[in-house]
Each structure stands twice: as structure tokens, then as C-alpha cells.
């Protein structure tokens, strides 16, 4: 008896036999995934409006390269017109390859500016030896970029923080500051003058790393502090990596939970009126007992014992 082998479906997409073709297909699939996630974040949070001038903060790292690449691709088919300008802050770090970004951006035909500000000397002078420079460096960098945005008609400032950054920041705030807070995908700066967006808010860092490697971006390492990482953030990062390895999908669930907050199931009295619960009839709030009276009563009870 002869076996009858099933014929392949005529519309099926045959798997490429050439490893290079397979790699190209995987890269194409990854690029489409990132485009979809970035587009979803832009839509969900209203990140881009018609006529926006978006300053893409380009550090030379994998995240900011990927963000610029995604925005350029989406710009060609976006439902609203907007312009991009790539801005890099030259902090005058020793041996910084100042030619890399201009050459890359010139080849792309992307409008760009290099803002020169010697924050390296300031940070090196102020921060004690052996201490992390990240916090001060970040504040100085943010101030310089905000100043550029103010004087160049920028309407949105795009930063390259991704999903893992947002989740890590949530745990940093939880563990070290006793508050439930992360990085908002879209926010107004503390001075009220700027709107900041994070188009990579839905994108995993591992996917960004794979995409950056596939695209062969000319990565510039941060040598200001030897690429040192804040120890606390490093510990949180290891925790998230362990979870991803042991319980795949857990970090994704945490990221999704940040968009599903139930104030009535927490304990923040500024977000939910707990005093109104159980109030009889239409009794006005001023008839409710003064919360301080309960403390007084408690103290009196202890004094009588």
C-alpha cells in the first residue's frame, strides 16, 4: 500500500530554505510588530496631533535609534501630517565620536541639530568618586533639551523609554518611595511648558535590542560613567528578567495592569471618597465625625487602662 502525501496548500507561504532569507523574514516580522505597537501607543494616548513638530531625542543608543526609525516609517503613512527633528545633546564626554550621528542622519535625510553643552565637566566635578552620575546627568540633559524645544517651536518631545523601563520605574517607586507610580506614556513637564511622549511604551526591550542589531544602528555607548547603572534599578532589572524566564508573560501582565487602575480597591483617599461610603441618606459631609476625634478617643481609652 502506497502512502499518499498531502500536497501543500497553493496559498501557503513556504518557509525559506536559505538561512539568510529566513533571517530577513524574521526581521521583517519583528519590524512590523514594533510598528504596530508604536502605532497603537500613539493612538491610545493621542501622542501625535496634526501639524506637530516632534523632537526625537537621539542619544545614540538602541532605544532612541529604534524610536526614530519607527517614527520615520509611520510618518510616511500616518493619518495626520507631522514633522520630525532629531536632536542630540553633545555632553562633551571624552572620546565621544561626534561624527557618528551627523553622518547617520545626513544619510537618512533627517533634519537634526546637535546641542553642545558641557555637562560632563559639571557632573564630574559635583558627583563624588564612586557615586552614580545618572540622576544629575539626567536632570542636566533634560534641562538642555527642554530649552531647545522652547526656542525651536517643538510641540512634542519624544523619549525612547520602553515597556521594561516603565515597569522597572513602577517597582523603583514601590520599593524605595512607597508610591504607586511609573512613567506615563504621555505627560506634561513639571513646568507645564512641554508635552513629553514615549512611543515605545508598549515595546519590549528584548525586541528593541534584536531590531537594533538587525538594522545595524551605529550604537554609541555612554562613557560618561562607564555605562554604570543605578544599583537599585539594576536589581529591579534582574528581578524582572528572572520573572520573564521563570514565568513568561508576568512582566507583560504587570505592564497591562498599569493601564487598569481601580482606585476604589486601593487606599488613596485623594482618588476615592471612602468617607462617603455608608453615609446614611443625604447627610452632608460636614456632619461626619472629625477623623481626629477617633485618635482622641483612642488616646483616652489607653489612658484609662
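Keep in mind that glycine also has a Cβ here, set from the backbone N, Cα and C atoms.
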Given ranges 59-64, 65-70, 71-76, the stretch to which Swiss-Prot attaches the annotation motif 'PP-loop motif':
59-64
Counting only residues 6+ away from its ends, which parts of the chain sit with a Cβ under 8 Å from the motif 'PP-loop motif' (59-64)?
88-89, 100-101, 160-162, 200, 205, 208-209, 212, 217-220, 222
Protein Cβ atoms within 10 Å of residue 137 ([4Fe-4S] cluster binding site), excluding its own:
19
